[in-house]
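Under the heading signal peptide, TrEMBL lists A:1-22. Annotation source TrEMBL lists transmembrane segment at A:68-86, A:107-127, A:133-152, A:172-192, A:212-233. What TrEMBL records for A:107-226 is domain 'Na+/H+ antiporter MnhB subunit-related protein'.
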Amino acid sequence: MTARTRLIMFLAAAAVIAGFFAAACSRLPPFGTPDHPYAARAVAAALAHRTANTVASVNFDIRAFDTLGEESILFGTVLGATLLLRRARDERHRRAEAERVMPTTRLFGTLLLPVTLVVGVYIVAHGQLSPGGGFQGGVVLATALHLAYVAADYRALKRLRPLTFLDVADSLAAASFTLVGLAGLVAGGAFLENVLPLGTFNQITSGGTVPVLNAAVGIEVASGLIALLAHFLDQAVELTDPDQHETGGD
Amino acid sequence: MNEWLIGAALAFVVLSATAAVLTRDPARQAVVLSALGLGLAVLFAVLQAPDVALSQLAVGSALTPLLILLSVRKVSRRPSGTDHRESGGGKEEG
Amino acid sequence: MGIWPYLAAGWVLLVALYGLVTSHNLIHAIGCLAVAQSSTYLLLLAVGYRRGGTAPVYSDLTPGTRPVVDPVVQALALTDVVVGATVTALLLALTIQLRKRHHTVDPQALTGLKG
């Protein structure tokens, strides 16, 4: 198929999609409608389980089974990318060299790295109370570690990054989500039912299984993303094909 | 007031999404995607979705562009470049 | 604002699909796919918005005093943002592997399967 036929076919399909989509939108409740039946029910359910952040309650309590699927996708993609980006037989490994960094950048990174890590842990731990949780905090934790690369060089980042440990942590966190679900079954409820004591509303221990699942997802997202970025960085910084010449750095 | 903010953020998102698609060079596209991620985070914040905004801020404006830049660096390191220019060595993810 | 936010989401999806169809570089195509993903967040959050509503977080809000926006669509969008990024990473890893095996990242140049 030539590029031109493809474009014409796409434009025809896009016109059809646009027509039906616009027609469907005109029958939707208008933007900002006060009528939200699911919102009322979700808020009532979250308050009944003493979780202040309704979004966290929906993710880790009401629809926890769905989140199990999401974190399985996450685990699967990290696994797949790790397999795809492993060092091929014909690739050469070139150790990253020590690099010189501006002193202000070094100072900025060194100061910011611990602060960002603490912020990440805070976001994970307070997911049931304030906006945040395992997904967001995990990403903050993973990117915080890479401030070491900005502040120093790739070798400093590699020293801060125990990959074997992180791989194990990733798998254990993924498994613990299922184990918390099975605990619900053992306690006589349903899979992933909130069986822990609910605690006091607006306290860090409130919400039953919500903080536990948040922590599991936080560890999984953080370690998974660090491992993912590690493989990409290795590919971009340290591994070269035999037929490739370094043409960058012009 | 809030309506105007939503409208402005929505317009910025639509424009930067269109610009991101029309930027054919992946290294430049990563920068536009970063701006789009930032715009989406602002839009989600004014739509009263702080959880999603936080997620989008970390992922859309930092992680995805970084992954794209790293891939560009890996892929464009070759003797006979086909359709993309060299993105330059060094620490472009800084 | 009527249905404009929904139509904006539709536009973002279609323009991203246009980029996918006409792309000559798989990394650019993956960037377009990320744009297409963001259209789903736009649509979900636009559907869940409530005029005058506040964020559905009750840590400093007495329940029942103010209307809140829909938390269900926010939960859907939130996990999707992070999972979408890892899917982007998987596709980029596939592209790097493809480049190693076939020495091109142009989808139009990939004519047949080679061993």
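Each position is counted from 1, following the chain as shown.
Every residue gets a Cβ built from N, Cα and C, even glycine.
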Cβ contacts the transmembrane segment (A:107-127)/the transmembrane segment (A:133-152), at least three under 8 Å, sequence gap 6 or more: yes
Ranked first among A:68-86, A:133-152, A:172-192 for CB pairs under 8 angstroms with the transmembrane segment (A:212-233): A:133-152
Counts of helix, strand and coil residues, the domain 'Na+/H+ antiporter MnhB subunit-related protein' (A:107-226), according to DSSP: 84 helix, 0 strand, 36 coil
